[in-house]
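**Student:** Got a structure here, written out as structure tokens. Questions coming.
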Amino acid sequence: MTAQLFKNARIFSPVDAGIPAAGKDQGKIRIHDRGALLVGNGLITDVGDMDIVRGRTVMGMIDEVVDCRGRTMIPGFVDPHTHMCFTELREAEFELRMAGTPYMEILAMGGGILSSVKTVRNASEEALFEASRRRVQTALRLGTTTIEIKSGYGLDTATELKMLRVIDRLGREMPLDVVPTFLGAHAVPVEYRDRADAFVDLVVGEMIPEIREQGIARFCDVFCEKGVFSIDQARRILEAARTAGLGVRIHADEVHDLGGAALAAALGAASADHLLAASDDNLQRMVEAGVTAVLLPATAYSLRKPYARARHMIDAGLAVALATDCNPGSSYTESMPFVIGLAVVNMFMTPFEALTAGTLNAAYAIGMARSVGSLDPGKQADFLLLDGDSPTILAYHAGVSPITAVYKRGKRVF
Ligand code: NIG
Ligand code: FE
């Protein structure tokens, strides 16, 4: 047993009541101004005011004492929605978009997601791993200690499996938890153009059974959007996934209000993501079903769309999580601090609500809240030290990371 004591920290942690923190509870943060965290074998064994933790600690048993010198300590970020597994960037497409061409038009012309599909299909597994590894490393430096990564740039069985193997390897070789999501229905590939139903047959009849066989994904996601997959197609895929033992989540109501939020509620999905265009009625259905809203403000920023109505959602009683959506098209950022800044400044979330959204609620959204997402005994000692008096520094110090140290399971990884 290795025991570590992290002393003299200003500790801020969401309160884990066993369910995602919704409505008013989202802004509740436990604070220890002069706090300490006790860690045994990478897990938190005690946390609280320094004197009280010290009083409960047999100092002779401690192998390492770390003085946090008054720095702010928060849980490591959980990024619950990324597409980080890809090779080439799409800078020229960004220029087109900035000059006014809509994102969905670029996709309809065979660019966008489909251009990444071409490059990922052609990439060797090693090259795909190396490109993805560098991005995950960037995320780690920016405080992400648990990450969800989706497939979805293969759109054929072999390439989807190649991506999921790479994602699995990232989790094994890098010092963070990686949660793999199968997103075979990310776009209709060119060889199935105008035959979306036949492609859905392939996803349901071949990809999902193969993934179940290999046990290589934990969730299944669908891009449900006008011109991509309909509500009925999404339901078919997600029901098949659930039968195969996968958790389900959905890209819902990003551009058009198709009713993806209502579908997520009907299926009891782990999350509904984006929700820029979701209606009040359908958001209410999510509240009733206890579905977490995963909001992606860096996507609204990059697409120049109105932000999701986070203030309204929290006031209506939803649990809101935040994610980067890191991908080469609509949101090229690995930075949770950037996302938190956008959430506070442009979506009117409080700094404490945003902290909960990027840690505890994000952990719930990907089924990881038992082991990460807050600083509570029994969970992993995943935490960050910030150069600032409180988590507010994340939004306040714009475009700059205040993170001075990143710990995963008690081990310093940055
Ligand atoms: O979440 N909406 C669909 N998928 C991604 C974009 C992926 C891409 O453009 O490569 C998103 O925004
Ligand atoms: Fe996405």
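Keep in mind that glycine also has a Cβ here, set from the backbone N, Cα and C atoms.
Just so it is clear, the model here is predicted, and its values are computed rather than measured.
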**Student:** Pick from His251, His397: which one does TrEMBL list with His81, His83, Asp325 for the same Zn(2+) site?
**Tutor:** His251
**Student:** Besides Tyr153, His186, Glu254, Ser330, which of Arg90, Arg218, Arg370 does TrEMBL list for that 4-imidazolone-5-propanoate site?
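**Tutor:** Of Arg90, Arg218, Arg370, Arg90 joins Tyr153, His186, Glu254, Ser330 in the 4-imidazolone-5-propanoate site that TrEMBL records.
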**Student:** Between Ser330 (4-imidazolone-5-propanoate binding site) and His81 (Zn(2+) binding site), what is the CA-CA distance rounded to a whole number of Å?
**Tutor:** 13
**Student:** Rounded to a whole number, how many Å is the Cα of His81 (Zn(2+) binding site) away from the Cα of Arg90 (4-imidazolone-5-propanoate binding site)?
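**Tutor:** Here the two Cα atoms lie 19 Å apart.
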**Student:** Output: those binding-site residues from His81, His83, Tyr153 whose CB lies less than 6 Å from an atom of ligand 1, in sequence order; none if no residue fits.
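**Tutor:** The qualifying binding-site residues are His83.
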**Student:** Which binding-site residues among Arg90, Glu254, Asp325, Gly329 have CB under 6 Å of ligand 2?
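**Tutor:** Result: Asp325.
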**Student:** Checking your reading of the structure: which of the binding-site residues His186, His251, Glu254 lie inside a 10 Å Cα sphere centred on Asn327 (N-formimidoyl-L-glutamate binding site)?
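**Tutor:** For Asn327 (N-formimidoyl-L-glutamate binding site), the binding-site residues whose Cα atoms are within 10 Å come to none.
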**Student:** I need the CA-to-CA distance for His83 (Zn(2+) binding site) versus Gly329 (N-formimidoyl-L-glutamate binding site), whole Å please.
**Tutor:** 10
**Student:** Report the nearest neighbour of Tyr153 (4-imidazolone-5-propanoate binding site) in space among the binding-site residues His251, Asp325, Gly329, comparing Cα positions.
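**Tutor:** Going through His251, Asp325, Gly329 one by one, the closest to Tyr153 (4-imidazolone-5-propanoate binding site) is Gly329.
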